[in-house]
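The transmembrane segment annotation in TrEMBL covers 57-78, 98-117, 147-171, 192-219, 225-247, 287-305, 317-336, 397-420, 508-528.
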Amino acid sequence: EDDPRNPATIADNVGDNVGDVAGMGSDLFGSFGEATCAALVIAAQSHDLVSAGWDTLIFPLYISSVGILVCIATSFVATDFRPVRSEASIEEVLKTQLTLSTVGMTVAMFPVCAMFMPQEFYLGPKSFASACVEGVNTSKCVTMGPMSAFCCIAAGLWGGLIIGFVTEYYTSHSYSPVREVARSTETGAATNIIYGLALGYKSTIIPVGILAGIVFVAFSLMDMYGVALAALGMLGTLSTCLAIDVYGPICDNAGGIAEMAELPEAVREKTDALDAAGNTTAAIGKGFAIGSAALVSLALTAAFVTRTEVLENGVNLLNPTVFAFLLIGSMLPYWFSAMTMKSVGIAAMEMVKEVKRQFDTIPGLLEGTPGHAPPDHARCIKISTDASLREMVPPAILVMTAPILTGMFFGVEAVVGLLAGGMASGVQLAISASNTGGAWDNAKKYVEKGGLYIDMPKRDEVTGEIMRDEFGSPILVSVRQRKGSECHKAAVVGDTVGDPLKDTSGPALNILMKLMAIISLVFADFFMSINNGQGYFNIPRRVF
């Protein structure tokens with residue numbers, strides 16, 4: 001893929017930058033902004049939080065600010081106090097950064113919560129005294145404000161860290177899941193695909209359980225305001241998380257440049273070791289992004305429910321309209337993923353045809369004849385750029401029009417069902433797609449570095465015949481698999497299938513979950529203006 005004769009090599013390097021740097025950065029930035037918006041919208045509906053003063057109202061912004069300072073401080077650990085000194089310590093140093101940022105953020109947030117959060121408040125238009133002391137004791141009545149806020153933020157912080165480490169376990173070739181995927185290449189590409197898909201599905205269990213626990217704890221303590229704070233807590237170490245995420249494509253491109261420049265093999269071995277760690281850190285970043293997107297989507301949905309006063313008592317799942325759109329919302333991530341994956345396939349086909357055309361029309365390019373004309377890299381970059389912009393339109397239309405049409409014709413309760421279904425389905429599909437692709441990628445790198453040994457029949461050096469023992473059984477020898485072997489070819493197939501999963505469909509589902517929710521919140525007043533929130537079809541509210 002990094003051969004200097006390949007016209008698509010530079011396009012690959014550019015793609016790493018726009019995908020894993022610009023794309024993931026804008027995704028996480030959007031999560032931060034939307035989580036802050038959700039927390040501010042919910043806080044603005046609280047009489048007590050507004051009365052407590054400006055500092056209390058903008059408390060979500062203090063979480064972001066403290067997080068930046070903590071991450072700046074911990075960055076000196078990797079650069080000055082505990083730098084990378086060997087290949088084995090690459091992942092360890094990066095994980096230490098993330099852990100220290102989480103610990104520092106946890107310590108720093110305790111006094112901040114104590115300073116700016118009131119002891120008692122009601123998350124609604126009434127005061128605490130009138131809403132809670134009279135016996136209406138719900139999750140909206142917060143009696144230990146500073147400690148409750150701290151627990152919500154800490155739940156998000158440590159939940160995000162655990163999700164990141166679970167993602168690393170399922171995508172790093174240092175652990176058994178990816179090595180199992182690599183060993184499955186012994187019997188071909190099909191079993192490699194099967195093992196990779198199974199790994200992705202299995203990898204959703206712990207992250208989804210953690211997200212469920214975070215939501216339960218946060219909602220129990222501070223209602224949906226707590227969920228928004230938990231989302232901001234998970235994103236509190238964003239600066240460190242994004243730094244180690246961007247580290248991946250930098251090392252990947254460095255390896256590509258080393259091969260294109262035909263530098264010594266020892267250089268490529270070093271960049272491969274850095275790149276393997278980079279794939280894992282990129283997967284950790286995607287895990288953070290997906291987990292935070294789920295919490296942000298839920299917080300925005302809560303802000304939507306808060307904004308549409310007709311839903312102040314919650315949404316009944318047994319309402320036929322809600323249940324119907326819950327199913328429709330669960331389907332949307334699959335429709336969206338199908339569109340994005342097919343878009344990648346279309347662009348890849350155009351790219352392959354262009355590469356073949358250049359091999360056929362530029363004399364000596366494929367053979368590597370000295371003095372041949374250089375490949376047209378710009379043409380391949382243009383194909384990818386044009387395809388990405390063109391193919392972006394249909395999925396974007398789907399995501400933006402689904403909640404608007406639902407709210408217009410079926411009402412606000414249908415919108416809540418749509419958002420809940422999209423989030424519940426999307427987070428699991430995103431985690432499995434991202435981890436499957438990451439596992440296939442690192443399984444290929446595990447084979448390339450010579451980590452895979454396969455038992456093969458020993459052959460006579462002269463005749464080439466299989467040697468057998470006294471019982472007639474073939475004598476087996478352990479053979480190391482490297483580039484060019486049949487196992488490597490099977491691993492390359494898995495990596496090729498996994499790229500659109502981990503780099504396109506998986507991360508893009510974050511946008512689906514968040515964008516549908518933020519659009520619903522923006523159009524909430526418009527939906528309420530249509531038959532008091534029941535839509536043009538004016539469907540009556542009833543339960544099964």
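Note that Cβ sites are derived from N, Cα and C of the backbone, with glycine treated the same way.
Please treat TrEMBL annotations as automatic predictions, because they have not gone through curation.
Since the structure is predicted, the reported quantities are computational estimates derived from the model, not experimental observations.
Panel annotation: around the transmembrane segment (317-336), residues 395, 398-399, 402, 406, 410-411, 413-426, 429-430, 505, 508-509, 512, 516, 539, 541-544 of the same chain, lying at least six beyond its termini, place a Cβ under 8 Å from a Cβ of the stretch. Taking pairs at least six residues apart, the transmembrane segment (98-117) and the transmembrane segment (225-247) share three or more Cβ pairs below 8 Å and count as touching. Within the same chain, the transmembrane segment (192-219) stays apart from the transmembrane segment (57-78): fewer than three Cβ pairs sit under 8 Å, each pair at least 6 residues apart.
Within the chain, the transmembrane segment (508-528) has long-range Cβ neighbours (under 8 A, six or more residues past its boundaries) at 27, 30-31, 34, 37-38, 41, 289-290, 293-294, 296-297, 300-301, 303-304, 307-310, 332-333, 336-337, 340, 395, 399-400, 402-404, 407-408, 411-412, 415, 418-419, 422-423, 426-427, 429-430, 433, 535.
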